Ligand code: GLY
Ligand code: MN
Ligand code: MN
(Lines of atoms letter the chains of each structure in order from A; the text may use other names.)
(Lines give C-alpha, C1' and ligand atoms only; values in the text may rest on other atoms or scores of the structure.)
(Ligands and ions follow the chains in the order given, each with its own letter.)
Protein backbone atom coordinates (compact mmCIF):
# COMPACT_ATOMS: atom_id res chain seq x y z
CA UNK A 1 0.00 0.00 0.00
CA UNK A 2 1.36 3.42 -0.90
CA UNK A 3 1.74 5.70 2.10
CA UNK A 4 -0.56 8.67 2.32
CA UNK A 5 2.16 11.34 2.22
CA UNK A 6 -0.08 14.36 2.81
CA UNK A 7 -1.45 12.68 5.94
CA UNK A 8 2.04 11.74 7.09
CA UNK A 9 3.20 15.31 6.52
CA UNK A 10 0.27 16.66 8.53
CA UNK A 11 1.20 14.40 11.45
CA UNK A 12 4.84 15.41 11.10
CA UNK A 13 3.90 19.07 11.25
CA UNK A 14 1.74 18.48 14.28
CA UNK A 15 4.75 16.95 16.01
CA UNK A 16 7.01 19.85 15.00
CA UNK A 17 4.53 22.33 16.41
CA UNK A 18 4.30 20.45 19.72
CA UNK A 19 8.09 20.35 19.92
CA UNK A 20 8.37 24.05 19.06
CA UNK A 21 5.72 24.90 21.70
CA UNK A 22 7.79 23.17 24.35
CA UNK A 23 11.10 24.58 23.13
CA UNK A 24 9.74 28.15 23.13
CA UNK A 25 8.24 27.64 26.57
CA UNK A 26 11.58 26.45 27.90
CA UNK A 27 13.48 29.33 26.33
CA UNK A 28 10.86 31.94 27.30
CA UNK A 29 10.18 33.10 23.72
CA UNK A 30 7.00 33.94 21.83
CA UNK A 31 7.95 32.86 18.32
CA UNK A 32 10.24 30.58 16.41
CA UNK A 33 11.91 32.28 13.44
CA UNK A 34 14.06 30.25 11.06
CA UNK A 35 15.85 31.72 8.05
CA UNK A 36 16.49 29.33 5.17
CA UNK A 37 19.96 30.80 4.73
CA UNK A 38 21.93 32.77 2.19
CA UNK A 39 24.31 31.86 -0.57
CA UNK A 40 27.96 31.74 0.46
CA UNK A 41 30.64 33.08 -1.85
CA UNK A 42 34.17 31.98 -2.50
CA UNK A 43 36.82 34.31 -1.16
CA UNK A 44 37.71 37.23 -3.48
CA UNK A 45 35.28 35.81 -6.02
CA UNK A 46 31.68 36.07 -7.14
CA UNK A 47 31.23 32.28 -7.34
CA UNK A 48 28.82 30.82 -4.85
CA UNK A 49 29.13 27.44 -3.12
CA UNK A 50 26.37 24.85 -3.50
CA UNK A 51 23.57 26.11 -1.27
CA UNK A 52 23.04 24.15 1.93
CA UNK A 53 19.69 25.10 3.44
CA UNK A 54 19.34 25.56 7.21
CA UNK A 55 18.33 22.11 8.54
CA UNK A 56 16.00 23.79 11.05
CA UNK A 57 14.16 25.24 8.04
CA UNK A 58 13.90 22.12 5.93
CA UNK A 59 12.59 20.24 8.96
CA UNK A 60 9.35 22.20 8.45
CA UNK A 61 9.09 22.40 4.68
CA UNK A 62 10.63 20.28 1.93
CA UNK A 63 12.36 23.30 0.39
CA UNK A 64 16.07 22.88 -0.11
CA UNK A 65 16.74 25.50 -2.77
CA UNK A 66 15.11 28.71 -1.54
CA UNK A 67 17.47 31.31 -0.11
CA UNK A 68 16.54 34.39 1.98
CA UNK A 69 13.26 32.82 3.06
CA UNK A 70 11.88 32.40 6.57
CA UNK A 71 9.72 30.09 8.62
CA UNK A 72 7.76 31.78 11.40
CA UNK A 73 5.86 29.85 14.02
CA UNK A 74 3.87 31.44 16.82
CA UNK A 75 2.21 28.90 19.13
CA UNK A 76 -1.48 28.66 18.41
CA UNK A 77 -1.15 30.09 14.90
CA UNK A 78 -0.60 28.61 11.47
CA UNK A 79 3.08 28.56 10.58
CA UNK A 80 4.10 31.12 7.97
CA UNK A 81 6.62 30.73 5.20
CA UNK A 82 8.09 33.95 3.85
CA UNK A 83 9.08 32.73 0.44
CA UNK A 84 11.75 34.56 -1.51
CA UNK A 85 10.99 34.51 -5.22
CA UNK A 86 13.04 37.34 -6.68
CA UNK A 87 12.64 39.03 -10.03
CA UNK A 88 15.86 37.67 -11.50
CA UNK A 89 16.85 36.72 -15.02
CA UNK A 90 20.39 35.63 -14.10
CA UNK A 91 19.44 32.62 -12.03
CA UNK A 92 16.70 30.08 -11.79
CA UNK A 93 14.00 31.51 -9.56
CA UNK A 94 12.23 29.19 -7.11
CA UNK A 95 8.87 28.16 -8.53
CA UNK A 96 5.47 28.96 -7.13
CA UNK A 97 5.14 27.06 -3.86
CA UNK A 98 3.17 23.85 -4.30
CA UNK A 99 2.75 20.62 -2.40
CA UNK A 100 0.96 19.29 0.64
CA UNK A 101 2.82 21.62 2.96
CA UNK A 102 1.24 24.75 1.44
CA UNK A 103 -2.16 23.72 2.80
CA UNK A 104 -0.85 23.99 6.33
CA UNK A 105 1.00 27.27 6.11
CA UNK A 106 0.41 30.85 5.24
CA UNK A 107 2.77 31.55 2.36
CA UNK A 108 3.80 35.09 1.52
CA UNK A 109 5.99 35.71 -1.49
CA UNK A 110 8.67 38.37 -1.27
CA UNK A 111 10.73 39.75 -4.13
CA UNK A 112 13.73 41.04 -2.20
CA UNK A 113 15.32 39.67 1.00
CA UNK A 114 14.56 42.93 2.86
CA UNK A 115 10.83 42.59 2.25
CA UNK A 116 10.85 39.77 4.80
CA UNK A 117 11.01 42.41 7.54
CA UNK A 118 7.39 43.38 6.82
CA UNK A 119 6.27 39.82 7.57
CA UNK A 120 8.45 38.84 10.50
CA UNK A 121 7.08 39.24 14.06
CA UNK A 122 6.97 42.73 15.52
CA UNK A 123 9.43 42.22 18.35
CA UNK A 124 12.64 40.42 17.40
CA UNK A 125 13.70 40.31 21.04
CA UNK A 126 10.84 37.87 21.77
CA UNK A 127 11.90 35.48 19.01
CA UNK A 128 14.09 32.41 19.06
CA UNK A 129 15.93 32.88 15.77
CA UNK A 130 17.70 29.74 14.61
CA UNK A 131 20.32 30.08 11.91
CA UNK A 132 23.80 31.18 10.97
CA UNK A 133 25.11 34.73 11.51
CA UNK A 134 25.04 35.48 7.76
CA UNK A 135 21.24 35.20 7.81
CA UNK A 136 20.83 38.29 9.99
CA UNK A 137 18.28 40.76 8.66
CA UNK A 138 17.76 44.03 10.57
CA UNK A 139 17.06 43.17 14.17
CA UNK A 140 16.53 39.53 13.29
CA UNK A 141 19.95 38.30 14.22
CA UNK A 142 20.11 34.56 14.91
CA UNK A 143 20.39 34.07 18.68
CA UNK A 144 20.15 30.26 18.73
CA UNK A 145 18.99 30.09 22.37
CA UNK A 146 20.68 27.02 23.89
CA UNK A 147 17.52 25.78 25.64
CA UNK A 148 15.53 25.95 22.40
CA UNK A 149 18.22 24.42 20.21
CA UNK A 150 19.02 21.66 22.71
CA UNK A 151 15.38 20.62 22.92
CA UNK A 152 14.69 20.67 19.18
CA UNK A 153 17.92 18.89 18.29
CA UNK A 154 17.44 16.22 20.92
CA UNK A 155 13.90 15.52 19.75
CA UNK A 156 14.93 15.47 16.11
CA UNK A 157 16.61 12.14 16.71
CA UNK A 158 13.11 10.62 16.88
CA UNK A 159 11.92 10.54 13.32
CA UNK A 160 8.27 10.91 12.44
CA UNK A 161 6.69 8.40 10.07
CA UNK A 162 6.90 11.08 7.37
CA UNK A 163 10.64 11.42 7.89
CA UNK A 164 11.21 7.67 7.73
CA UNK A 165 9.26 7.64 4.48
CA UNK A 166 11.45 10.42 3.06
CA UNK A 167 14.54 8.46 4.09
CA UNK A 168 13.10 5.37 2.45
CA UNK A 169 12.85 7.41 -0.75
CA UNK A 170 16.46 8.60 -0.37
CA UNK A 171 17.56 4.98 0.09
CA UNK A 172 15.81 3.92 -3.11
CA UNK A 173 17.65 6.60 -5.06
CA UNK A 174 20.96 5.76 -3.42
CA UNK A 175 20.63 2.05 -4.08
CA UNK A 176 19.73 2.63 -7.72
CA UNK A 177 22.92 4.67 -8.05
CA UNK A 178 25.00 2.13 -6.12
CA UNK A 179 23.94 -0.51 -8.61
CA UNK A 180 24.99 1.71 -11.51
CA UNK A 181 28.33 2.32 -9.78
CA UNK A 182 28.94 -1.40 -9.38
CA UNK A 183 28.18 -1.93 -13.08
CA UNK A 184 30.65 0.81 -14.00
CA UNK A 185 33.29 -0.78 -11.75
CA UNK A 186 32.75 -4.20 -13.34
CA UNK A 187 33.02 -2.57 -16.77
CA UNK A 188 36.45 -1.16 -15.89
CA UNK A 189 35.62 2.51 -15.32
CA UNK A 190 37.92 4.89 -13.44
CA UNK A 191 36.95 6.40 -10.10
CA UNK A 192 35.84 9.50 -11.94
CA UNK A 193 33.80 7.43 -14.39
CA UNK A 194 32.16 5.48 -11.59
CA UNK A 195 31.33 8.72 -9.81
CA UNK A 196 29.70 10.08 -12.96
CA UNK A 197 27.71 6.86 -13.40
CA UNK A 198 26.55 7.21 -9.81
CA UNK A 199 25.46 10.83 -10.22
CA UNK A 200 23.70 10.05 -13.48
CA UNK A 201 21.73 7.17 -11.96
CA UNK A 202 20.86 9.16 -8.84
CA UNK A 203 20.00 12.25 -10.86
CA UNK A 204 22.00 14.17 -8.25
CA UNK A 205 25.31 16.01 -8.06
CA UNK A 206 27.12 18.26 -5.61
CA UNK A 207 24.02 20.47 -5.38
CA UNK A 208 21.93 17.60 -4.03
CA UNK A 209 24.12 14.83 -2.62
CA UNK A 210 24.21 14.80 1.18
CA UNK A 211 28.02 14.43 1.19
CA UNK A 212 30.89 14.05 -1.25
CA UNK A 213 30.96 10.62 -2.83
CA UNK A 214 33.80 8.37 -1.73
CA UNK A 215 34.73 6.28 -4.77
CA UNK A 216 37.90 4.33 -4.11
CA UNK A 217 39.67 1.67 -6.14
CA UNK A 218 42.36 -0.59 -4.67
CA UNK A 219 44.53 1.03 -1.95
CA UNK A 220 42.41 4.17 -2.00
CA UNK A 221 39.86 2.26 0.06
CA UNK A 222 42.24 2.73 3.00
CA UNK A 223 41.68 6.50 2.98
CA UNK A 224 38.53 6.86 5.06
CA UNK A 225 37.29 9.99 3.35
CA UNK A 226 38.89 9.56 -0.06
CA UNK A 227 37.35 12.21 -2.29
CA UNK A 228 39.96 12.46 -5.04
CA UNK A 229 38.77 10.82 -8.22
CA UNK A 230 41.42 9.43 -10.52
CA UNK A 231 40.56 9.84 -14.18
CA UNK A 232 42.25 6.59 -15.17
CA UNK A 233 41.65 3.18 -13.62
CA UNK A 234 44.61 1.52 -11.89
CA UNK A 235 46.04 -1.70 -13.35
CA UNK A 236 45.11 -4.17 -12.21
CA UNK A 237 41.83 -3.21 -10.59
CA UNK A 238 41.36 -5.34 -7.48
CA UNK A 239 38.70 -3.77 -5.30
CA UNK A 240 36.13 -1.03 -5.02
CA UNK A 241 34.80 0.80 -1.97
CA UNK A 242 31.96 3.26 -2.50
CA UNK A 243 30.43 5.38 0.25
CA UNK A 244 27.76 7.50 -1.40
CA UNK A 245 24.32 8.77 -0.48
CA UNK A 246 21.35 10.58 -1.92
CA UNK A 247 18.83 13.15 -0.80
CA UNK A 248 15.06 13.13 -0.87
CA UNK A 249 13.05 16.16 0.23
CA UNK A 250 15.99 17.21 2.37
CA UNK A 251 16.58 13.80 4.00
CA UNK A 252 19.73 11.77 3.48
CA UNK A 253 20.78 8.20 3.03
CA UNK A 254 24.36 7.08 3.68
CA UNK A 255 25.37 3.80 2.07
CA UNK A 256 28.70 2.00 1.69
CA UNK A 257 29.47 -1.16 -0.24
CA UNK A 258 32.74 -2.90 -1.02
CA UNK A 259 33.40 -5.21 -3.95
CA UNK A 260 36.20 -7.49 -5.04
CA UNK A 261 37.06 -7.72 -8.71
CA UNK A 262 37.55 -11.45 -8.35
CA UNK A 263 34.51 -12.70 -6.48
CA UNK A 264 36.20 -15.96 -5.60
CA UNK A 265 39.28 -14.46 -3.90
CA UNK A 266 40.17 -14.05 -0.24
CA UNK A 267 39.29 -10.37 -0.21
CA UNK A 268 35.74 -11.30 -1.22
CA UNK A 269 35.69 -13.81 1.64
CA UNK A 270 36.74 -11.00 4.00
CA UNK A 271 34.00 -8.76 2.60
CA UNK A 272 31.48 -11.54 3.15
CA UNK A 273 32.62 -11.99 6.75
CA UNK A 274 32.26 -8.25 7.45
CA UNK A 275 28.87 -8.28 5.75
CA UNK A 276 27.61 -11.11 7.98
CA UNK A 277 28.93 -9.34 11.08
CA UNK A 278 27.35 -6.07 9.92
CA UNK A 279 23.94 -7.73 9.71
CA UNK A 280 24.30 -8.97 13.28
CA UNK A 281 25.20 -5.43 14.37
CA UNK A 282 22.15 -4.05 12.56
CA UNK A 283 20.06 -6.45 14.59
CA UNK A 284 21.32 -4.72 17.75
CA UNK A 285 19.54 -1.49 16.81
CA UNK A 286 16.92 -2.03 19.45
CA UNK A 287 15.06 -0.01 22.03
CA UNK A 288 17.08 0.71 25.20
CA UNK A 289 20.35 -0.53 23.72
CA UNK A 290 23.31 1.78 24.39
CA UNK A 291 24.88 2.68 21.04
CA UNK A 292 28.27 2.84 22.78
CA UNK A 293 27.93 -0.85 23.58
CA UNK A 294 27.06 -1.53 19.98
CA UNK A 295 30.33 0.14 18.98
CA UNK A 296 32.36 -1.83 21.53
CA UNK A 297 30.70 -5.09 20.50
CA UNK A 298 31.57 -4.28 16.89
CA UNK A 299 35.25 -4.07 17.83
CA UNK A 300 35.13 -7.53 19.32
CA UNK A 301 33.29 -8.91 16.32
CA UNK A 302 35.70 -7.35 13.82
CA UNK A 303 38.70 -8.51 15.86
CA UNK A 304 37.22 -12.01 15.60
CA UNK A 305 37.30 -11.69 11.81
CA UNK A 306 40.88 -10.41 11.90
CA UNK A 307 41.81 -13.48 13.90
CA UNK A 308 39.87 -15.81 11.64
CA UNK A 309 41.69 -14.45 8.60
CA UNK A 310 45.07 -14.69 10.31
CA UNK A 311 45.67 -10.94 10.35
CA UNK A 312 46.26 -10.83 14.07
CA UNK A 313 48.04 -13.30 16.30
CA UNK A 314 46.25 -12.47 19.56
CA UNK A 315 42.73 -13.22 20.78
CA UNK A 316 39.95 -10.81 19.80
CA UNK A 317 39.64 -9.76 23.44
CA UNK A 318 43.32 -8.88 23.68
CA UNK A 319 43.19 -7.10 20.31
CA UNK A 320 40.39 -4.86 21.59
CA UNK A 321 42.02 -4.27 24.95
CA UNK A 322 45.40 -3.29 23.53
CA UNK A 323 43.99 -1.06 20.77
CA UNK A 324 45.06 -3.40 17.97
CA UNK A 325 41.48 -3.57 16.68
CA UNK A 326 41.41 0.24 16.49
CA UNK A 327 44.27 0.23 13.99
CA UNK A 328 42.11 -1.81 11.62
CA UNK A 329 38.77 -0.21 12.57
CA UNK A 330 39.65 3.41 13.37
CA UNK A 331 36.24 5.09 13.18
CA UNK A 332 32.92 4.92 14.95
CA UNK A 333 30.33 2.26 14.20
CA UNK A 334 27.98 4.95 12.93
CA UNK A 335 25.86 7.97 13.69
CA UNK A 336 22.36 9.32 13.61
CA UNK A 337 21.09 10.33 10.19
CA UNK A 338 18.15 12.36 8.92
CA UNK A 339 18.09 15.94 7.73
CA UNK A 340 21.87 15.82 7.95
CA UNK A 341 24.00 12.85 7.10
CA UNK A 342 25.65 13.18 10.50
CA UNK A 343 22.60 14.14 12.47
CA UNK A 344 22.85 16.52 15.40
CA UNK A 345 22.68 15.82 19.13
CA UNK A 346 24.56 12.53 18.98
CA UNK A 347 26.02 13.12 22.44
CA UNK A 348 23.00 14.79 24.05
CA UNK A 349 22.40 13.57 27.57
CA UNK A 350 18.88 14.93 27.71
CA UNK A 351 16.54 17.35 25.97
CA UNK A 352 17.98 20.08 28.19
CA UNK A 353 21.58 19.53 27.16
CA UNK A 354 24.51 17.77 28.77
CA UNK A 355 26.96 15.39 27.15
CA UNK A 356 27.15 11.62 27.16
CA UNK A 357 30.87 10.81 26.98
CA UNK A 358 32.46 8.57 24.41
CA UNK A 359 34.02 5.35 25.63
CA UNK A 360 37.66 5.91 26.51
CA UNK A 361 39.96 5.25 23.57
CA UNK A 362 37.18 5.74 21.00
CA UNK A 363 37.39 9.41 20.01
CA UNK A 364 35.60 9.11 16.69
CA UNK A 365 32.28 7.71 17.82
CA UNK A 366 29.57 10.22 16.88
CA UNK A 367 26.64 8.82 18.82
CA UNK A 368 26.60 7.91 22.50
CA UNK A 369 22.85 7.89 23.15
CA UNK A 370 20.71 4.94 24.05
CA UNK A 371 18.61 3.81 21.12
CA UNK A 372 14.90 4.50 21.17
CA UNK A 373 12.08 3.89 18.69
CA UNK A 374 12.17 6.39 15.86
CA UNK A 375 15.93 6.85 15.86
CA UNK A 376 17.61 6.15 12.54
CA UNK A 377 21.29 5.30 12.70
CA UNK A 378 23.96 4.05 10.38
CA UNK A 379 25.78 0.80 11.06
CA UNK A 380 29.10 0.94 9.24
CA UNK A 381 31.79 -1.45 10.40
CA UNK A 382 35.03 -1.45 8.46
CA UNK A 383 38.43 -3.08 8.24
CA UNK A 384 41.27 -1.16 6.60
CA UNK A 385 44.96 -1.58 5.93
CA UNK A 386 46.30 1.85 6.87
CA UNK A 387 50.08 1.95 7.06
CA UNK A 388 50.18 4.98 9.33
CA UNK A 389 48.08 3.29 12.01
CA UNK A 390 49.80 -0.07 11.65
CA UNK A 391 53.17 1.64 12.07
CA UNK A 392 51.90 3.18 15.28
CA UNK A 393 51.14 -0.32 16.56
CA UNK A 394 54.72 -1.32 15.85
CA UNK A 395 55.98 1.79 17.62
CA UNK A 396 53.94 0.83 20.67
CA UNK A 397 55.58 -2.59 20.77
CA UNK A 398 52.48 -4.33 19.44
CA UNK A 399 54.12 -5.53 16.23
CA UNK A 400 53.95 -9.21 17.29
CA UNK A 401 50.13 -8.93 17.57
CA UNK A 402 49.93 -8.58 13.79
CA UNK A 403 50.78 -11.06 11.06
CA UNK A 404 52.60 -8.68 8.70
CA UNK A 405 52.70 -11.15 5.86
CA UNK A 406 48.91 -11.31 5.90
CA UNK A 407 48.73 -7.51 6.05
CA UNK A 408 50.97 -7.38 2.96
CA UNK A 409 48.57 -9.71 1.18
CA UNK A 410 45.52 -7.55 1.90
CA UNK A 411 47.06 -4.07 1.70
CA UNK A 412 46.63 -3.78 -2.10
CA UNK A 413 42.83 -4.05 -1.61
CA UNK A 414 42.67 -0.97 0.64
CA UNK A 415 39.81 -1.71 2.95
CA UNK A 416 36.23 -2.72 3.52
CA UNK A 417 33.23 -0.82 4.80
CA UNK A 418 29.60 -1.92 4.72
CA UNK A 419 27.09 0.72 5.76
CA UNK A 420 23.31 0.59 6.13
CA UNK A 421 20.72 2.99 7.56
CA UNK A 422 18.62 1.30 10.22
CA UNK A 423 15.43 2.40 12.00
CA UNK A 424 14.99 1.54 15.66
CA UNK A 425 11.41 0.49 16.37
CA UNK A 426 9.44 -0.96 19.29
CA UNK A 427 10.18 -4.32 17.78
CA UNK A 428 12.71 -5.66 15.27
CA UNK A 429 14.93 -3.05 13.59
CA UNK A 430 14.10 -1.95 10.11
CA UNK A 431 16.92 -1.73 7.58
CA UNK A 432 16.14 0.92 4.96
CA UNK A 433 19.21 0.08 2.88
CA UNK A 434 18.70 -3.67 2.69
CA UNK A 435 15.03 -3.10 1.91
CA UNK A 436 15.99 -0.92 -1.05
CA UNK A 437 18.57 -3.43 -2.31
CA UNK A 438 16.04 -6.25 -1.95
CA UNK A 439 13.45 -4.31 -3.95
CA UNK A 440 15.56 -4.77 -7.05
N1 GLY B 1 29.72 9.07 4.46
C2 GLY B 1 30.24 9.50 5.68
C3 GLY B 1 29.95 8.54 6.73
O4 GLY B 1 29.77 7.38 6.47
O5 GLY B 1 29.82 8.86 7.87
MN1 MN C 1 28.01 7.14 7.77
MN1 MN D 1 29.00 6.74 4.63
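Every residue gets a Cβ built from N, Cα and C, even glycine.
For the Mn(2+) 1 site, TrEMBL gives 254, 335, 380; the one candidate out of 219, 308, 419 that the record lists there too is 419. For the Mn(2+) 2 site, TrEMBL records 254, 419, and the single candidate of 243, 265, 272, 403 listed with them is 243.
Counting every protein chain shown, the number of other Cβ atoms lying within 10 Å of the Cβ of residue 419 (Mn(2+) 2 binding site) is 22.
Closeness to ligand 2 is met by 254, 380, these being the binding-site residues among 243, 254, 380 whose Cβ falls under 6 Å from the molecule. Using the Cβ center of 254, 335, 380, 419 for Mn(2+) 1, the list of other same-chain residues with Cβ within 8 Å runs, in sequence order, 243, 255, 256, 334, 337, 341, 378, 379, 420, 421. In the shown protein chains, 25 other C-beta atoms lie within 10 A of the C-beta of residue 254 (Mn(2+) 2 binding site). Annotation for the binding-site residues 243, 380: lowest Cβ count within 10 Å of the residue's own Cβ, 380. Long-range Cβ proximity for residue 335 (Mn(2+) 1 binding site), meaning a same-chain Cβ under 8 A and a gap of 6 or more residues, is found for 342, 343, 346, 366, 367, 377, 378.
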